[in-house]
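What follows is a single structure, written as structure tokens, with notes after it.
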Amino acid sequence: MFYGVDLTSRLMLGTAQYPSPQVLLEAIEASGAQVITVSLRREGAAGGAFRALLAKSRCRLLPNTAGCHTVREAVTTARMAREVFGTSWIKLEVIGHADTQQPDPFALVEAARVLCAEGFDVFPYTTEDLIVGEKLLEAGCKVLMPWGAPIGSGQGLRNLAGLRSMRAHFRDVPLVVDAGIGAPSQAAQAMELGFDAVLLNTAVAKAVDPVGMARAFGRAIQAGQEGFVAGLMPERDMASASTPVFGLAELA
């Protein structure tokens, strides 16, 4: 449940860097995603054609503030996105480091506070830091989106312990792993940890077969979520035979 919206798909898909508009639409359909992210900058460059294209997908739009480095830039972009796309949903990105694309936690919390006060439903791109998460919730956010690894790196879940801790600490808060996912197995792993959804883009857009990869991610995320619900067996330090030793043949 994200801001009162119940989604059947746990995959959120980005819309940048695809080989063609047709491939993008086919990938969205193959993935089963119900939420797609969109950049206001791309919408402006396309002159409205991109928005018309996305309307064909019938997905819910999640505009983002990609490329923003200050509170002012992020807030202004969010306000414009609400007018252009007609939604209060906003994926809030305030980048603090150009090389790693790591979010600036101080600017992020301040921008979230401003936008939540203005009625936005904020999806903040953050790290797995628990204190930052607490501050974002205090600012009014009802969803947290910690990164798995730097955007576009494909490194997967670099800090498993931190993500586990975040899931345990924020038991009743929807959590979405956002950024750094490069393979379906990594997305499944995030869901097995108990996360509520995964947001990704580059892993599908830059695949040899984006449509096939989108389908693979959709299935992997569903499998990971079902595995978590079913209950994963606990890890052991030592072996534990699954076959009983009683009834073994006695050899002379």
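Numbers here mean position along the shown chain, with the first residue as 1.
Glycine is treated like the rest: Cβ placed from N, Cα and C.
In Swiss-Prot, the 1-deoxy-D-xylulose 5-phosphate site is described by ALA179, GLY180, ASN201, THR202, and among GLY140, GLY152, GLY227, GLY231 the residue recorded at this site is GLY152. Counting only the Cα atoms, the space from GLY152 (1-deoxy-D-xylulose 5-phosphate binding site) to LYS91 (active site, schiff-base intermediate with DXP) is about 17 angstrom. Taking the C-alpha positions, the distance from GLY180 (1-deoxy-D-xylulose 5-phosphate binding site) to LYS91 (active site, schiff-base intermediate with DXP) comes to 16 Å.
The highest number of surrounding Cβ atoms within 10 Å, among the binding-site residues ASN201, THR202, is found at ASN201. Of all the binding-site residues listed (GLY152, GLY180), GLY180 sits in the most crowded Cβ setting, with the most other Cβ atoms within 10 Å. Cβ environment of ALA179 (1-deoxy-D-xylulose 5-phosphate binding site): GLN101, TYR125, TRP147, GLY148, ALA149, PRO150, ILE151, GLY152, LEU199, LEU200 lie under 8 Å away, each six or more residues apart in the same chain.
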